[in-house]
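What TrEMBL records for this protein:
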{"type": "TRANSMEM", "residues": "6-30", "note": "transmembrane segment"}
{"type": "TRANSMEM", "residues": "42-61", "note": "transmembrane segment"}
{"type": "TRANSMEM", "residues": "81-97", "note": "transmembrane segment"}
{"type": "TRANSMEM", "residues": "104-127", "note": "transmembrane segment"}
{"type": "TRANSMEM", "residues": "139-158", "note": "transmembrane segment"}
{"type": "TRANSMEM", "residues": "235-256", "note": "transmembrane segment"}
{"type": "TRANSMEM", "residues": "276-300", "note": "transmembrane segment"}
{"type": "TRANSMEM", "residues": "321-341", "note": "transmembrane segment"}
{"type": "TRANSMEM", "residues": "347-367", "note": "transmembrane segment"}
{"type": "TRANSMEM", "residues": "379-398", "note": "transmembrane segment"}
Amino acid sequence: MYLVESKGGAIVCMLFSLFFLGTWPAIMTLLERRGRLPQHTYLDYSITNLLAAVIIALTFGEIGSGRPNFTTQLSQDNWPSIMFAMAGGVVLSLGNLSTQYAWAFVGLSVTEVITSSITVVIGTTLNYFLDDKINKAEILFPGVGCFLIAVCLGSAVHSSNAADNKAKLKGLTSDNKNVTETVGFSAYSNEASQTKGVKDMENGSSAPEKAKAGTADFLVELENRRSIKVFGRSTVIGLSITFFAGFCFSLFSPAFNLATNDQWHTLKKGVPKLVVYTAFFWFSVSCFVLAIILNVTFLYRPVLNLPRSSLKAYLNDWNGRGWAFGAGLLCGFGNGLQFMGGQAAGYAAADAVQALPLVSTFWGILIFGEYRKSSRRTYILLVNMLFMFIAAVGILMASSGHRK
(Lines of atoms letter the chains of each structure in order from A and count residues from 1; the text may use other names and numbers.)
(Lines give C-alpha, C1' and ligand atoms only; values in the text may rest on other atoms or scores of the structure.)
Protein backbone atom coordinates (compact mmCIF):
# COMPACT_ATOMS: atom_id res chain seq x y z
CA MET A 1 0.00 0.00 0.00
CA TYR A 2 1.04 3.63 -0.46
CA LEU A 3 1.98 5.61 2.63
CA VAL A 4 2.69 9.33 2.92
CA GLU A 5 5.99 9.42 4.81
CA SER A 6 7.48 12.88 4.25
CA LYS A 7 6.50 16.12 5.96
CA GLY A 8 6.15 17.80 2.56
CA GLY A 9 3.79 15.09 1.31
CA ALA A 10 1.71 15.42 4.45
CA ILE A 11 1.39 19.19 3.98
CA VAL A 12 0.26 18.71 0.36
CA CYS A 13 -2.44 16.29 1.57
CA MET A 14 -3.57 18.84 4.18
CA LEU A 15 -3.80 21.67 1.63
CA PHE A 16 -5.94 19.65 -0.78
CA SER A 17 -8.04 18.44 2.15
CA LEU A 18 -8.53 22.04 3.28
CA PHE A 19 -9.87 23.04 -0.14
CA PHE A 20 -12.17 20.02 -0.48
CA LEU A 21 -13.58 20.24 3.06
CA GLY A 22 -14.18 23.96 2.68
CA THR A 23 -15.99 23.57 -0.65
CA TRP A 24 -18.53 20.81 -0.10
CA PRO A 25 -20.53 22.77 2.55
CA ALA A 26 -20.97 25.59 0.02
CA ILE A 27 -22.51 23.14 -2.45
CA MET A 28 -24.93 21.77 0.16
CA THR A 29 -25.89 25.31 1.17
CA LEU A 30 -26.47 26.25 -2.46
CA LEU A 31 -28.93 23.37 -2.91
CA GLU A 32 -30.82 24.25 0.29
CA ARG A 33 -31.11 27.88 -0.84
CA ARG A 34 -32.51 26.68 -4.16
CA GLY A 35 -35.28 24.86 -2.29
CA ARG A 36 -34.08 21.24 -2.36
CA LEU A 37 -34.96 19.30 0.78
CA PRO A 38 -31.86 18.65 2.92
CA GLN A 39 -32.93 15.02 3.41
CA HIS A 40 -32.74 14.42 -0.36
CA THR A 41 -29.40 16.19 -0.64
CA TYR A 42 -27.82 14.34 2.28
CA LEU A 43 -28.91 10.93 1.01
CA ASP A 44 -27.19 11.64 -2.33
CA TYR A 45 -24.13 13.02 -0.55
CA SER A 46 -23.85 9.90 1.65
CA ILE A 47 -23.65 7.56 -1.35
CA THR A 48 -20.66 9.22 -2.99
CA ASN A 49 -19.00 9.95 0.37
CA LEU A 50 -18.78 6.17 0.90
CA LEU A 51 -17.74 5.70 -2.73
CA ALA A 52 -14.73 7.98 -2.18
CA ALA A 53 -13.56 5.81 0.74
CA VAL A 54 -13.89 2.65 -1.38
CA ILE A 55 -11.92 4.24 -4.22
CA ILE A 56 -9.13 5.33 -1.85
CA ALA A 57 -8.99 1.88 -0.20
CA LEU A 58 -8.86 -0.03 -3.50
CA THR A 59 -6.17 2.22 -5.00
CA PHE A 60 -3.77 3.66 -2.38
CA GLY A 61 -4.60 0.79 -0.03
CA GLU A 62 -3.47 -1.84 -2.54
CA ILE A 63 -0.34 -0.18 -4.00
CA GLY A 64 3.09 -1.61 -3.16
CA SER A 65 4.09 -3.97 -0.38
CA GLY A 66 5.23 -3.78 3.23
CA ARG A 67 2.46 -3.30 5.76
CA PRO A 68 -0.76 -5.30 5.29
CA ASN A 69 -2.88 -3.90 2.49
CA PHE A 70 -6.58 -3.09 2.62
CA THR A 71 -8.04 -6.43 1.48
CA THR A 72 -5.69 -8.43 3.75
CA GLN A 73 -6.83 -6.53 6.83
CA LEU A 74 -10.50 -7.19 6.14
CA SER A 75 -10.03 -10.76 7.39
CA GLN A 76 -7.82 -10.00 10.42
CA ASP A 77 -8.97 -9.96 14.05
CA ASN A 78 -8.80 -6.20 14.46
CA TRP A 79 -12.33 -5.47 15.65
CA PRO A 80 -11.33 -3.22 18.61
CA SER A 81 -9.67 -0.81 16.18
CA ILE A 82 -12.56 -1.12 13.74
CA MET A 83 -14.96 -0.10 16.49
CA PHE A 84 -12.91 3.04 17.18
CA ALA A 85 -12.98 3.87 13.46
CA MET A 86 -16.74 3.31 13.28
CA ALA A 87 -17.29 5.44 16.39
CA GLY A 88 -15.45 8.23 14.60
CA GLY A 89 -17.74 7.80 11.61
CA VAL A 90 -20.83 8.00 13.81
CA VAL A 91 -19.87 11.32 15.43
CA LEU A 92 -18.80 12.77 12.05
CA SER A 93 -22.15 11.77 10.53
CA LEU A 94 -24.03 13.40 13.41
CA GLY A 95 -21.94 16.55 13.02
CA ASN A 96 -22.43 16.77 9.27
CA LEU A 97 -26.13 16.10 9.58
CA SER A 98 -26.45 18.88 12.16
CA THR A 99 -24.55 21.45 10.13
CA GLN A 100 -26.84 21.11 7.12
CA TYR A 101 -29.56 22.66 9.29
CA ALA A 102 -27.22 25.08 11.10
CA TRP A 103 -26.09 26.61 7.78
CA ALA A 104 -29.64 27.85 7.19
CA PHE A 105 -30.05 29.38 10.66
CA VAL A 106 -26.60 30.80 11.36
CA GLY A 107 -25.05 31.11 7.90
CA LEU A 108 -22.27 29.19 6.17
CA SER A 109 -19.32 31.29 7.39
CA VAL A 110 -20.25 31.53 11.07
CA THR A 111 -21.29 27.87 11.33
CA GLU A 112 -17.94 26.74 9.94
CA VAL A 113 -16.02 29.14 12.22
CA ILE A 114 -17.71 27.91 15.40
CA THR A 115 -17.59 24.18 14.60
CA SER A 116 -13.96 24.37 13.42
CA SER A 117 -12.84 26.24 16.52
CA ILE A 118 -14.45 23.70 18.86
CA THR A 119 -12.83 20.93 16.84
CA VAL A 120 -9.39 22.51 17.13
CA VAL A 121 -9.58 23.36 20.83
CA ILE A 122 -10.83 19.91 21.92
CA GLY A 123 -9.72 17.62 19.09
CA THR A 124 -6.22 19.01 18.60
CA THR A 125 -5.48 18.82 22.32
CA LEU A 126 -6.62 15.18 22.46
CA ASN A 127 -4.60 14.29 19.34
CA TYR A 128 -1.48 15.98 20.71
CA PHE A 129 -1.44 13.66 23.73
CA LEU A 130 -2.57 10.58 21.78
CA ASP A 131 0.31 11.12 19.33
CA ASP A 132 2.78 11.08 22.25
CA LYS A 133 3.51 14.79 21.72
CA ILE A 134 5.26 14.35 18.36
CA ASN A 135 4.11 17.84 17.36
CA LYS A 136 6.02 20.90 18.55
CA ALA A 137 3.91 22.25 21.43
CA GLU A 138 5.59 25.67 21.32
CA ILE A 139 4.26 26.05 17.75
CA LEU A 140 1.07 23.97 17.94
CA PHE A 141 -0.69 25.75 20.78
CA PRO A 142 -0.05 29.29 19.49
CA GLY A 143 -1.81 28.02 16.36
CA VAL A 144 -4.73 26.92 18.52
CA GLY A 145 -4.70 30.41 20.02
CA CYS A 146 -4.99 31.92 16.53
CA PHE A 147 -8.12 29.84 16.00
CA LEU A 148 -9.61 31.17 19.22
CA ILE A 149 -8.93 34.76 18.15
CA ALA A 150 -10.48 34.00 14.76
CA VAL A 151 -13.56 32.63 16.54
CA CYS A 152 -14.00 35.88 18.44
CA LEU A 153 -13.59 37.83 15.22
CA GLY A 154 -16.02 35.51 13.46
CA SER A 155 -18.63 36.09 16.14
CA ALA A 156 -18.08 39.84 15.79
CA VAL A 157 -18.48 39.55 12.01
CA HIS A 158 -21.79 37.73 12.45
CA SER A 159 -23.04 40.30 14.96
CA SER A 160 -22.03 43.22 12.77
CA ASN A 161 -23.53 41.68 9.64
CA ALA A 162 -26.79 40.91 11.48
CA ALA A 163 -26.98 44.56 12.50
CA ASP A 164 -26.38 45.56 8.87
CA ASN A 165 -29.23 43.33 7.69
CA LYS A 166 -31.53 44.76 10.35
CA ALA A 167 -30.73 48.26 9.14
CA LYS A 168 -31.49 47.23 5.54
CA LEU A 169 -34.89 45.88 6.53
CA LYS A 170 -35.64 49.06 8.46
CA GLY A 171 -35.07 50.96 5.25
CA LEU A 172 -38.18 49.43 3.66
CA THR A 173 -41.34 51.43 3.09
CA SER A 174 -43.24 52.30 6.26
CA ASP A 175 -46.11 49.91 5.56
CA ASN A 176 -43.87 46.89 5.13
CA LYS A 177 -41.68 47.96 8.01
CA ASN A 178 -44.68 47.97 10.35
CA VAL A 179 -45.56 44.47 9.29
CA THR A 180 -41.99 43.32 9.82
CA GLU A 181 -41.81 44.74 13.32
CA THR A 182 -45.15 43.36 14.49
CA VAL A 183 -45.38 39.84 13.10
CA GLY A 184 -41.87 38.96 11.93
CA PHE A 185 -40.00 38.50 8.72
CA SER A 186 -42.10 35.68 7.29
CA ALA A 187 -45.22 37.85 7.22
CA TYR A 188 -43.35 40.55 5.37
CA SER A 189 -42.01 37.89 3.01
CA ASN A 190 -45.49 36.82 1.95
CA GLU A 191 -46.73 40.40 1.61
CA ALA A 192 -43.71 41.42 -0.42
CA SER A 193 -44.22 38.51 -2.80
CA GLN A 194 -47.85 39.46 -3.35
CA THR A 195 -46.96 43.14 -3.87
CA LYS A 196 -44.34 42.24 -6.45
CA GLY A 197 -46.84 40.02 -8.26
CA VAL A 198 -49.34 42.88 -8.56
CA LYS A 199 -46.68 45.22 -9.91
CA ASP A 200 -45.62 42.65 -12.47
CA MET A 201 -49.20 42.21 -13.71
CA GLU A 202 -49.59 45.98 -14.00
CA ASN A 203 -46.38 46.24 -15.97
CA GLY A 204 -47.25 43.29 -18.16
CA SER A 205 -44.22 41.18 -17.21
CA SER A 206 -44.48 37.52 -16.31
CA ALA A 207 -41.69 37.28 -13.70
CA PRO A 208 -40.40 39.57 -10.96
CA GLU A 209 -37.03 41.22 -11.35
CA LYS A 210 -34.27 39.44 -9.44
CA ALA A 211 -33.20 41.32 -6.31
CA LYS A 212 -29.58 42.40 -5.98
CA ALA A 213 -27.43 40.62 -3.41
CA GLY A 214 -27.11 42.50 -0.16
CA THR A 215 -30.49 44.23 -0.35
CA ALA A 216 -33.56 43.73 1.85
CA ASP A 217 -35.47 42.40 -1.16
CA PHE A 218 -32.74 39.81 -1.66
CA LEU A 219 -33.15 38.58 1.93
CA VAL A 220 -36.90 38.23 1.41
CA GLU A 221 -36.48 36.52 -1.95
CA LEU A 222 -34.05 34.02 -0.40
CA GLU A 223 -36.50 33.20 2.41
CA ASN A 224 -39.27 32.50 -0.12
CA ARG A 225 -37.05 30.20 -2.17
CA ARG A 226 -35.13 28.18 0.41
CA SER A 227 -36.32 24.87 1.90
CA ILE A 228 -35.59 25.67 5.58
CA LYS A 229 -37.55 28.75 6.66
CA VAL A 230 -35.59 30.79 9.21
CA PHE A 231 -37.30 34.19 9.48
CA GLY A 232 -38.89 34.67 12.87
CA ARG A 233 -36.99 31.71 14.39
CA SER A 234 -34.89 32.04 17.52
CA THR A 235 -31.15 32.21 16.89
CA VAL A 236 -30.71 29.92 19.92
CA ILE A 237 -31.91 27.01 17.77
CA GLY A 238 -29.20 27.53 15.17
CA LEU A 239 -26.44 28.16 17.70
CA SER A 240 -27.42 25.07 19.74
CA ILE A 241 -27.26 22.90 16.61
CA THR A 242 -23.92 24.48 15.70
CA PHE A 243 -22.31 23.84 19.09
CA PHE A 244 -23.57 20.24 19.08
CA ALA A 245 -22.03 19.75 15.62
CA GLY A 246 -18.73 21.23 16.79
CA PHE A 247 -18.58 18.86 19.76
CA CYS A 248 -19.19 15.88 17.43
CA PHE A 249 -16.49 17.07 15.02
CA SER A 250 -13.99 17.38 17.87
CA LEU A 251 -14.18 13.63 18.57
CA PHE A 252 -13.97 11.98 15.14
CA SER A 253 -10.25 12.62 14.53
CA PRO A 254 -9.09 11.35 17.99
CA ALA A 255 -11.26 8.24 17.46
CA PHE A 256 -9.61 7.66 14.08
CA ASN A 257 -6.20 8.22 15.69
CA LEU A 258 -6.95 5.45 18.21
CA ALA A 259 -8.08 3.16 15.40
CA THR A 260 -4.84 3.46 13.44
CA ASN A 261 -2.27 3.67 16.25
CA ASP A 262 -3.83 1.56 19.06
CA GLN A 263 -2.51 3.78 21.86
CA TRP A 264 -4.72 1.93 24.35
CA HIS A 265 -3.36 -1.50 23.29
CA THR A 266 -6.73 -3.08 22.56
CA LEU A 267 -5.45 -5.37 19.77
CA LYS A 268 -4.29 -8.91 20.49
CA LYS A 269 -0.56 -9.55 20.44
CA GLY A 270 0.72 -10.04 16.88
CA VAL A 271 -2.29 -8.43 15.17
CA PRO A 272 -1.12 -5.54 12.95
CA LYS A 273 -2.53 -2.08 13.54
CA LEU A 274 -5.18 -0.86 11.12
CA VAL A 275 -3.69 0.95 8.15
CA VAL A 276 -5.22 4.34 7.44
CA TYR A 277 -7.15 3.06 4.39
CA THR A 278 -8.82 0.16 6.22
CA ALA A 279 -9.73 2.45 9.11
CA PHE A 280 -11.13 5.05 6.72
CA PHE A 281 -13.26 2.41 4.99
CA TRP A 282 -14.94 1.30 8.24
CA PHE A 283 -15.16 4.91 9.37
CA SER A 284 -17.09 5.76 6.18
CA VAL A 285 -19.31 2.66 6.39
CA SER A 286 -20.63 3.66 9.82
CA CYS A 287 -21.03 7.26 8.66
CA PHE A 288 -23.08 6.03 5.67
CA VAL A 289 -25.30 3.64 7.64
CA LEU A 290 -26.24 6.24 10.26
CA ALA A 291 -26.86 8.91 7.61
CA ILE A 292 -29.21 6.61 5.68
CA ILE A 293 -31.16 5.61 8.81
CA LEU A 294 -31.60 9.18 10.05
CA ASN A 295 -32.40 10.79 6.71
CA VAL A 296 -34.90 8.14 5.66
CA THR A 297 -36.56 8.72 9.04
CA PHE A 298 -36.55 12.48 8.39
CA LEU A 299 -38.26 11.91 5.04
CA TYR A 300 -41.38 10.68 6.84
CA ARG A 301 -40.89 12.53 10.15
CA PRO A 302 -39.25 15.84 9.15
CA VAL A 303 -37.83 18.28 11.68
CA LEU A 304 -38.01 22.10 11.82
CA ASN A 305 -41.37 22.16 9.99
CA LEU A 306 -39.91 20.89 6.73
CA PRO A 307 -42.40 19.31 4.31
CA ARG A 308 -42.96 15.56 4.52
CA SER A 309 -41.38 13.49 1.74
CA SER A 310 -40.96 9.82 0.78
CA LEU A 311 -38.46 7.45 -0.81
CA LYS A 312 -40.37 7.67 -4.09
CA ALA A 313 -40.19 11.47 -4.02
CA TYR A 314 -36.49 11.30 -3.23
CA LEU A 315 -35.76 8.92 -6.11
CA ASN A 316 -37.66 11.17 -8.53
CA ASP A 317 -35.90 14.35 -7.33
CA TRP A 318 -33.07 14.90 -9.81
CA ASN A 319 -32.90 18.65 -9.25
CA GLY A 320 -29.35 19.25 -8.02
CA ARG A 321 -28.51 15.55 -7.59
CA GLY A 322 -25.25 15.90 -9.51
CA TRP A 323 -24.14 18.71 -7.20
CA ALA A 324 -24.98 16.59 -4.13
CA PHE A 325 -22.99 13.66 -5.54
CA GLY A 326 -20.07 16.04 -6.10
CA ALA A 327 -20.27 17.31 -2.51
CA GLY A 328 -20.07 13.73 -1.21
CA LEU A 329 -16.95 13.02 -3.27
CA LEU A 330 -15.27 16.23 -2.12
CA CYS A 331 -15.99 15.46 1.54
CA GLY A 332 -14.89 11.83 1.21
CA PHE A 333 -11.60 12.64 -0.50
CA GLY A 334 -11.05 15.58 1.86
CA ASN A 335 -11.39 13.37 4.95
CA GLY A 336 -9.19 10.69 3.39
CA LEU A 337 -6.41 13.17 2.62
CA GLN A 338 -6.64 14.61 6.14
CA PHE A 339 -6.12 11.15 7.64
CA MET A 340 -3.28 10.32 5.23
CA GLY A 341 -1.49 13.52 6.22
CA GLY A 342 -2.24 13.00 9.90
CA GLN A 343 -0.81 9.49 9.92
CA ALA A 344 2.48 10.88 8.59
CA ALA A 345 2.83 14.19 10.42
CA GLY A 346 0.56 13.81 13.44
CA TYR A 347 -3.20 14.21 13.68
CA ALA A 348 -2.84 17.38 15.75
CA ALA A 349 -1.04 19.10 12.86
CA ALA A 350 -3.56 17.67 10.39
CA ASP A 351 -6.25 19.60 12.27
CA ALA A 352 -4.96 22.58 10.27
CA VAL A 353 -7.67 21.62 7.77
CA GLN A 354 -10.14 22.97 10.33
CA ALA A 355 -9.27 26.36 8.86
CA LEU A 356 -11.82 25.40 6.22
CA PRO A 357 -13.94 28.50 7.09
CA LEU A 358 -11.29 30.35 5.09
CA VAL A 359 -12.50 28.51 1.99
CA SER A 360 -16.18 28.48 2.99
CA THR A 361 -16.18 32.25 3.55
CA PHE A 362 -14.68 32.74 0.10
CA TRP A 363 -17.48 30.69 -1.48
CA GLY A 364 -20.04 32.41 0.75
CA ILE A 365 -18.98 35.80 -0.59
CA LEU A 366 -18.60 34.66 -4.19
CA ILE A 367 -21.71 32.49 -4.58
CA PHE A 368 -24.19 33.67 -1.95
CA GLY A 369 -23.36 37.36 -1.76
CA GLU A 370 -22.71 37.19 1.98
CA TYR A 371 -21.56 40.54 3.40
CA ARG A 372 -22.59 42.30 0.18
CA LYS A 373 -23.42 45.97 0.86
CA SER A 374 -22.33 45.58 4.49
CA SER A 375 -20.77 48.26 6.67
CA ARG A 376 -17.10 49.20 6.78
CA ARG A 377 -16.87 47.74 10.30
CA THR A 378 -18.06 44.34 9.00
CA TYR A 379 -15.48 44.35 6.21
CA ILE A 380 -12.63 45.21 8.59
CA LEU A 381 -13.63 42.40 10.96
CA LEU A 382 -13.99 39.97 8.05
CA VAL A 383 -10.48 40.72 6.71
CA ASN A 384 -8.96 40.30 10.18
CA MET A 385 -10.79 37.00 10.67
CA LEU A 386 -9.49 35.63 7.37
CA PHE A 387 -5.96 36.82 8.18
CA MET A 388 -6.05 35.03 11.52
CA PHE A 389 -7.24 31.81 9.87
CA ILE A 390 -4.37 32.00 7.37
CA ALA A 391 -1.95 32.41 10.28
CA ALA A 392 -3.56 29.46 12.10
CA VAL A 393 -3.15 27.17 9.08
CA GLY A 394 0.51 28.05 8.66
CA ILE A 395 1.34 27.67 12.35
CA LEU A 396 -0.41 24.29 12.75
CA MET A 397 1.31 22.94 9.64
CA ALA A 398 4.67 24.21 10.92
CA SER A 399 4.15 22.13 14.08
CA SER A 400 4.17 18.91 12.03
CA GLY A 401 6.30 16.16 13.49
CA HIS A 402 7.23 12.75 12.15
CA ARG A 403 5.68 9.53 13.38
CA LYS A 404 8.25 6.84 14.18
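Note: Cβ is positioned from N, Cα and C throughout, glycine not excepted.
What TrEMBL says about a protein is an automatic prediction, not a curated fact.
Fewer than three CB pairs closer than 8 A are found between the transmembrane segment (6-30) and the transmembrane segment (276-300), and contact between the two stretches is not assigned (pairs 6 or more residues apart). Sequence-distant contacts of the transmembrane segment (321-341) (same chain, at least 6 residues past either end, Cβ-Cβ under 8 Å): 4, 9-14, 16-21, 23-24, 27-28, 30-31, 36, 40-42, 44-53, 56, 60, 92, 96, 253, 256, 260, 276, 279-280, 283-284, 349-350, 353.
Tertiary proximity for the transmembrane segment (81-97) is limited to same-chain residues at least six positions away from its ends with a CB under 8 Å from its CB atoms, namely 42, 115, 244-246, 248-249, 251-256, 258-260, 262, 266-267, 273-274, 279-280, 282-288, 290-291, 294-295, 331, 335.
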